[in-house]
Structures are given as structure tokens and as C-alpha cells.
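Asker: This structure is in C-alpha cells; I'll ask about it shortly.
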Amino acid sequence: MADLQTEIEAAWEARADISAATTGPVRTAVDEALRLLDSGEARVAEKIDGEWFTHQWLKKAVLLSFRLNPNTVMRSGALGGGVGPWWDKVPNKFDGWDAPQFEAGGFRAVPGAIVRRGAHIGKNVILMPSFVNIGGYVDEGTMVDTWVTVGSCAQIGKNVHLSGGVGIGGVLEPLQANPTIIEDNCFIGARSEVVEGVVVGEGSVLSMGVFISASTKIVDRKTGAVHIGKVPPYSVVVPGNLPDPNGGPGLYCAVIVKTVDAQTRSKTSINDLLRD
């Protein structure tokens with residue numbers, strides 16, 4: 001994979017010269033990088049020795065693919081006979097699929113679920129009508145509920161529940177240095193938004209309507225500690241407000257009200273019956 005990375009890095013430096021007319025090793029390298037992302041053999045970010053590391057070259061490969069591929073008429077559905085048409089550069093992950101491909105994939109995708117090619121969907125995932133963008137990674141056992149958006153290159157862990165209308169931010173526009181990450185066993189409440197490379201630590205629970213960006217203050221109500229850019233593992237988080245000491249308007253914040261306990265887990269546990 002080192003040779004592939006070298007090819008992508010060189011192409012990135014010469015990106016102004018790359019277009020839909022480009023052929024040869026650059027196109028081959030980008031196509032291979034997207035294949036690796038799609039299959040899950042590679043991912044834009046991974047945890048190494050307990051810390052998240054972003055493979056910037058894979059993100060660059062995703063961006064280069066937009067220069068290499070022209071817009072074309074697209075239709076969705078098995079063997080291209082579904083709904084549409086659309087005018088886009090990135091094909092649907094499921095284009096040309098029939099029963100054997102879905103059985104090998106091992107996940108469930110209901111009508112209205114859209115996944116772009118270059119995104120990976122793990123075993124036992126359920127995709128309700130939702131959108132998973134290119135470079136995204138959804139790990140095993142996760143529920144992607146109705147109207148969820150998983151942004152470009154976002155990383156979703158194992159056994160996560162993304163409730164209805166949740167938005168997980170991408171990296172492509174506006175351009176972000178690192179992807180948004182939801183670690184294993186998290187529950188993200190309905191209509192919540194997590195964006196701009198924020199990391200939600202393992203086992204955390206966000207209530208309905210929590211909004212966290214890279215600049216949002218995440219306040220621990222018990223200790224007064226303020227976190228920026230990361231929700232500590234096993235936190236229970238609700239929307240809050242920081243009052244202005246001078247009597248002016250308060251500012252939005254997220255508040256850690258407690259750590260996850262047995263009662264919280266019972267309310268947010270995944271339903272194995274849905275994954276049989």
C-alpha cells in the first residue's frame with residue numbers, strides 16, 4: 001500500500017493538471033484507493049495505539065476522484081434499472097448488485113437508503129432511508145436510522161445507534177483536516193449534529209438535539225471541566241447554556257450530566273432481533 005500512497009501523494013501535488021481526460025497510473029491509483037475504501041480494506045482514519053490517526057492520502061484520493069470523473073447520467077437500483085436519473089460523478093455503491101452481493105455484504109438496506117461508492121458498510125448494519133457519503137465507514141452492528149446523513153470520510157464505530165435525522169459531518173466541504181468520529185457503542189439522539197472532526201468517545205450517549213462542532217464547549221456539570229473537540233468516553237450529554245457573567249445573552253454548550261450507567265444502557269441498547 002506504500003506504493004499506492006506515493007502515487008496518490010504525487011498526483012495530489014500535480015492536481016491542477018488532472019482532469020477527466022487523465023489516464024494511466026494516476027487514474028489506476030485513485031480507483032484502487034476507492035476500491036479499498038469501499039471494501040473496508042482501508043479507511044480514512046483508524047485508531048493506532050489508542051489514538052486516532054488520519055490517513056490524509058486516502059482523503060486526497062477521494063478529492064482527486066472528483067477531478068478525474070465527469071458528471072454522467074446515473075440510475076440507482078439492481079442492474080441500473082431503479083429510480084433516477086441523476087447527474088453526478090460518484091456512482092451508487094449498490095449499482096449492479098443483486099442477491100449474491102447483498103448476501104456477501106451482510107447488511108440490510110431498505111428502500112431509500114443511498115450509499116455512494118467508496119463508502120464501507122459493515123456486517124449487520126441496518127440502513128434506513130439515509131445517506132452515506134464517499135469515504136464513510138460504518139462498522140458492524142450499527143443502526144443508521146431514517147434521514148441520517150453520514151458525511152464524507154466520517155467514521156462510525158461498532159454497535160452505534162444513529163437516531164432519526166442525525167447529521168455526522170464530512171470533510172470535503174468545507175474542507176476539514178480530520179473526519180468526524182463516533183466510537184463504538186455510542187447512541188446519538190434524534191436530530192443531533194456532530195461535525196468538524198469532533199470525536200465522540202466510546203459508549204457515550206447524546207440526547208436529542210445535541211449540536212457539537214470543533215468550537216463547542218462540552219462542560220462536565222460535576223467537575224466544571226471544559227472539553228473541546230472530544231466527548232469523553234461513556235458520557236451522557238444534553239444541550240445546555242453557558243450564562244454570560246455580564247448579563248448578556250448566554251451561549252450554547254453541551255453538558256455532560258453523568259457517565260453511562262445500567263439504566264442508560266438499557267434504554268439505548270441495540271435490538272438483536274432487528275439483525276437476525
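Using the three backbone atoms N, Cα and C, a Cβ is placed for every residue, glycine included.
In case it's useful when we look at the structure, here is the feature table from Swiss-Prot:
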- Arg108, Asp145: substrate binding site (BINDING)
Asker: For each of Arg108, Asp145, count the other CB atoms within 10 A of its CB; which of these binding-site residues has the top count?
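Answerer: Result for the most crowded candidate: Asp145.
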Asker: According to DSSP, which of helix, strand or coil covers Arg108 (substrate binding site)?
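Answerer: Reduced to three states, the DSSP call for Arg108 (substrate binding site) is strand.
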